Amino acid sequence: MAEVKVEVASIDWQKRCLSLETQLFRFRLQASKIRELLADKMQELEQRLLEAEQRAENAETQVGVMEEKIKLSNLKSVDSTGTLHQKYQELLRAVQGKDELISQLQAQLEKQKQTRAEEAKIVQEKAAKIKEWVTVKLAELEMENQQLKTCNQQLVEQVAALQDALEDLRMTPSEELLVVPEGTPERDPVPSGPSDQPVEQDSNPHTQILKVAVPTPSLGTLQSRDSLSEARSLEDLRFSMVHPGETAEAKTLQSHLQKEGSPSQLCMKPGNPKHGSASYRESLVTAQGGTFPGTKTSAREGGPGSSLTLPKVRAPSIPRDSFQVAKRHHSQPQVGPGHCDHVVSIEIGALSALHSPGSSKSEARAKVREEAEKMEMEALPPSGKQEERESLKSRRGELEDVELENKPPTPPLHRFPSWESRIYAMATSGMQLSEVSSRRSNAACYASGPSALAFPGAFSGLVYKNVTVPVYTALKGKATQISNVPFVDESSGSDDDCGSQASFRMSVPCSEYRKTSGLGSPRAIKRGVSMSSLSSEGDYAIPPDACSLDSDYSEPEHKLQRTSSYSTDGEALEKSGYLLKMGSRVKTWKRRWFVLRQGQILYYKSPSDVIRKPQGQVDLNSHCQIVREEEAQTFQLISGNKTYYLTAESPSLLEEWIRVLQSLLKVQVTGPPALHQGGTKPTVKGWLTKVKHGHSKLVWCALVGKTFYYYRSHEDKRPLGCLPVQDAHIEEVDRSCDSDEDYEAGGTGRLLSSHCTLVIHPPEHSPTYLLIGTKHEKDTWLYHLTVAAGGSNAKVGTVYEQLIGKLMDGEGNPDSPLWRHPMLCYSQEGLCASLTTLPSEALQTEALKLFKSCQLFINVPVEAASVDYHVSLAQTALQVCLVHPELQSEIYCQLMKQISCRPPQKYSLMQCWQLLALCAPLFLPQHHFLWYVKQQLQRHADPRSETGQYAIYCQRAVERTLQTGEREARPSRMEVVSILLRNPFHHSLPFSIPVHFANGTYQVVGFDGSSTVDEFLQRLNQETGMRKPSQSGFALFTDDPSGRDLEHCLQGRVKICDAISKWEQTLKELHPGKSEGGTRVVKLMYKNRLYFRSQVKGETERERLLLAFQASGEIVAGRFPVTKELALEMAALMAQVEYGDLEKPTLPGPGGTPPTKAQHLLQQVLDRFYPRRYRNGAPPEQLRHLADMMATKWAALQGCSPPECIRIYLTVARKWPLFGAKLFAAQPAQLSPKENTVVWIAVNEDGVSILDHRTMQVNITYPYSSVTTFGGCRDDFMLVIRSIPDQSSGKTRIDKLTFRMPAPKITETTLMMASYMNHCSATVNLSAKLPAARQPRDLDGQFFASVSCTKGSALL
C-alpha cells in the first residue's frame, strides 16, 4: 500500500491533465474534420441523388412518351377509319365548351360582385346624406327652438310690461308720463341727419337689449292719428320703465326713423370703444364719398340685408298666440315697410352679425357658429333679469299657467364641466390685449416689430431664384402673376394717370352705371352703340370703371371699326378695339380704346376721342417685344424703357390682338421656353451669322435635339425660325462661296478675314450658310451638327467621340474590341487634350484642370478626419461644370475613362464611382454621351460587388434626373459626406434630415439627390399621419443662415438638395473665415402656412396638436390678442399637454428649503406658453404670484387627456376672427421712417386686415373681392383696393396702399395672398358645379336678406 501511495504521489497530475486536454483537443479537431468530410460527402451524395432522381424522372417521362407513341402507332394501324381521332376532337370541343361556360359564369359572378359593391356604396352614400341632413335639420330645429323660446319670453315680458303700464296709466296723469326720472344718465342724442350716423352705445354691448316698437300706419290697423299717438305714448312709457336710462335715446331714434320715412330699416354703426379705428380711418381717407369694403359699417338704407324687423304678425291676445306667431316667423316671407306694424328687437351685441353688401359670407357663418356655441354653453340668466322676472310673477300668474301648458319640452343640452365653461365664457371677451405699463408695452412692441423689418439677407435671393418680388392681379377671381419683378411707377406710361397723386392712398373716383340709361334704351340703339362694346364678349366681365354708359362712351362704333385687318403687310395692318390697360401709378385696370395704325398703337378713353390727342402712343419697331407668361390672360408690350400690361375682355380678343401684333412685329410672342421639353437642353449654342439667299443676319443659335433654332438675342425664348437637321448634308466650305463674298461686300465686317463657313443643306430645302468666328467654334458646331444629322463622318470630332460613334453604329455590341480601346480605358498619365470637342481654347484649358482635380479626388484616400479636402475638391469641380455646361459631357467622359479597365486598387476605384454618384443627380451629358454612360453603367452593374452596386445606384440616379430635371446648385457638404462616408447603394433614399415641428419634436425624413419639396412632404405626411399640404395648409420652411429670426418658405418644385446647398453657400459667404465644416446646419420646419375653415373637419390629431403649439407660439410672441387671465388659462392647457398632470410638491424637511423642482417647472411653463409682453419688466413678487396662479390653473386640469386639452385650446383660439391668419409687421410708406409707426398686415382666408400694432384691433379689412393688384412696387409692398360703389353717387374708389417691408416678407405676403385667392376661387367654382340640392344650406338666409349680386366686375 505504501508503494502504491508513493507511485500515486509521484504522478504529476497537472501534466497529466494537460496531456489529456491536448488529446481531447486533437480528438475534437479530428471529429470536426470527420464531420466536415462527412457533411461534404453527404452533400455530394444528396446532390448525386437529386441528379439521379432527375434523370429517373426524365427517363420515366421519355418512357411514357414512347409508350404513347407506340399506342398511337398501334391504334392507327388497327383503327384505320380514324374513329379515335374523331372522339378526341369531340372531347376537345367539349372541354372548350366547358371552359367558355366557366369563363361566362366567372364574368357574371364578377359583374354581380361589382353590382353588389356599387349598390352597397350607393346605400352608404344615401345613409351618409340622410345622416348629414338629419344632423343639419336637428341643429336648425334646435336653433329655431331656442330663438322661439327667447321670442316667447320677450313677448311675455312685453305683455307684462304693457299691463303694468296700463295700470300705472290709470293712476298717473298724462302730463307726467314723459318726464325722465332723476338719476338717469344723460346720453348724446342720435342726430337726425343721414341714416349712417353712429348710435352711441355702452361699452359692454353684450348685456344691453334695445327694444323699440315702431308702429307704422297701414289700412285696417290704425285708422286715425290719435290712435297712432296713443300707441307711441304707450310704447314710450313701456320703454322708459323697462330701460329708464335709454328713454331719450329711443325717442330720438324713433323720431329719426320717422323723418327718414322707412321705419322698417334701422341703420346703425356700432361705436368702437377704441380710438384706433376712427383715427386710422381718418388718416386713410383722402376724398369724401364711398364706403370701404370690409369696414364695420351697417347695411345702408334700401340695401340688401338692412331690414331688422320681424314679418307681419297679428297682435297676440294670449301667450299661446304669441308662441304660434313666433313659430311661424321663419317660414313667412318678409313684406314691405308699408304693409304692417313692425316690432324691432335688436341686441346691440349682435349688430355685427348684420352685414353690409360688401361684407363676406364667411364672417356671417363665423357669427352663426359663435351663436351656436353660445347656445351650447348657455348658463343661467343674469340676476337683474331674474329679479325683474320675480317682481312680475304676481301680476301674470294666469299668463304663466297658459305658457307652461303650451311650452314644448326643454331640449337636452350638452353641459360642459364648470372649468371648461369658465374658459369658454372668458374667451368670449378675452380676445384682446390687456393693459400693461407704457415702458413694458413699448419694449414688447418693439421686440416683435423691428426684427421683422430688418434688411433681408443674401439667402432670400437664392431661395427665390427668378422671382424676386412678384406682382399679381385679380382676373376672374383668380390671382394671376403679371410680373416677376416689382413695379416701377413710370414703367407703364403715365399719360392717362396724370391726375393721380402718388401717395400712401391714391383715390380715383370711377363712374358707375347711370340709372337713367340702360343697355336697351332707344337712344343707345339709335346712336349705334354695340352691345359687345359695352359688355364682355366672353366669360370675362368688365371692371366697374370700364363699363360706364356716359355720353362719351355712346358714340357710334362705325366711325372706326372694332377690328379691321386689311392686309398682312406690317405698315398696312390696322386694328381697333377695347383693351384693359394697367395704370402706371394706381395699379388697376383701365378700359381704353386702342387703335393700331401705321405701325403705331394709340389709346384713347373712348372711341369718340379718336379725333383728339391720344392719351398714349407706342411706336412698334424692332426694339418692341411681346411677353406673355404661360397660360396667362395678360401680356406685356415692352417698348424702350416702358412696359405696358394689357388684357382683353375675352380670351378670343386677347389671342386676336396678340396674333395681329405678332404679324406686325414679325416675331413670335416671347414666353417660357416651349422647345426645351422633357429636360432637353441645347447641345451647343452661340452667336453665328446666318446667310441665306445672299442675306446675312447675326443671330443667337442653339442646336436642340435634331433641330437648329435661331433667335434675335440670347434672352429671347421664342425663335425667329428653325431648321431641321435630320438627314441634312453638313460640311465645311471654303471662303470662295458666293454667300461669303456677298457677306464681306456687305460691309458688316465683323468676321472679315478669319471666319470659317459651314453649310447646312437639308433635303428638299435650300442651303443655309453659317459664318463662325474661330476654329474651335467651327469644330464644335461641325461635330454636333453632323451627329444630329445622323452622319457617319469618321473625321469629325475627337478620337474619343469617334470611338463612341462607332460603338453607337454597332448598337453597343458587348463583344466589340472597341470597349477595350486605350483611348476609352484607364490611363495613369494626364490628358494632353480634352476628350470632347469644346468651342474655345479657354474651355479646353479648363477641361485639363478639371481632369487634374478629378485625379486628386480619386487618388487621395478619404479619411473621416480630413473629409473636407474631398468636399472642397468635389464642390469646386462640379461648380465649374455648372458654370460652363460645355464641360458636363467632358467630366462624364473623364470619369468613364478612369473607371473602365482600371487596375484593382480598391479605394481609388471606389472614389471614382463616388464622384460619378455626385455628378448624376446634378446634370447629365448630351445625347450620344448619355447613351455611352448608360451602356457603361449597364456593363458594370452587378449586385454582388461593391463597384457593381455603385453602378446600379448611378443608374437609378440618372433615371431620376431624367424624370425630375437637373439641379441648380453644387452638392452640399452634407450630400458629399453622405456619399463618401456611407454606402449610398444600401438605401433607396441615401440622405436624411430632421424636420422640426412647432411642439419641439422632429421627424427624420429620407430623400435622394433629385427629390423635390413636394416629394419630400409626401413622405413626411405618410410618416406623421398628416394630410397633403393643399388640405392641411402646412408648408416647409428653412431658417435664415444669418441667424436672424426669418423663415423662408420652400416652393414645391424646388429640390431639397438645392435648398440645402444654397443655405450652406450663403453661410460660408457670411462667415468666410470659419472652417469648412462648420457647426451649423440648415433647420427645416413644417408649419401651418394657410388655414382653411372648410378643412377643419378633416383635421388629424397630429395637425391639431401642431396647430395648437403654433398658436401658442404666436401668443407668446405677441401676435395673438389674449388678456392676462385667458393667457393663463391657455398656458395651463398647454402645460397639461406638454408635461401631463402637475405633481404635488413634497413638503420640505425641518431644515430644508421649499421644493425648487416645481418652481423651475412652473417658470419653464411661463417662459414657453405665457406672453412675453405680460412678463417683461414685471417685479419678482408679481412673477411669484403668477406662478402660484399657474399652479392652481394647472392643478384644476388633473386627469384631462392631451387630445381633450388640444380640443379646448383650439376652440378658444378659434374665437378670434383672425385665427389662422399670418401677421406681417409693416410701416405705412406715406410716413417718414423717423415716425416709426408700425402696423400688422394680417393675411387670412377672407382677406387682408390692417391691425393696430399695439392693441391688435382691426382697423380695416379688405376682402379679396376688392383687391385688384398686389405685390412689389419698388422696395415696398403694394395693395390696390377697389371699394364698393356708392349707391347715391354710383362711384367707386381706387386706393393704392404701400407699406415698407423686407423683400422676403413682401414675397411671402404676395404668394400667400395669391394662394388664398386661388383656393377661394377654386372652392367657389366647385360649389357652383354642384346641384342646388347638394349645396350646403346658408344659415344666414334664415334671418337676413341675402346680399344681391351687384353690377360690378367679375374680372377684378
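Cβ coordinates come from backbone N, Cα and C, glycine included.
According to Swiss-Prot, the listed position annotated as phosphoserine out of SER195, SER331, SER437, SER739 is SER739. Checking the candidates SER451, SER460, SER978, SER1327 against Swiss-Prot, the annotation phosphoserine falls on SER451.
Of the candidate ranges 572-666, 826-980, 991-1327, 826-980 contributes the most Cβ pairs within a distance under 8 Å of the domain 'PH 2' (681-790). Helix, strand and coil residue tallies for the domain 'PH 1' (572-666), in that order: 20 helix, 40 strand, 35 coil [DSSP]. The average pLDDT computed for the domain 'PH 1' (572-666) is 79. Secondary structure of the domain 'PH 2' (681-790), assigned with DSSP and counted as helix (H, G, I), strand (E, B) and coil, comes to 23 helix, 44 strand, 43 coil.
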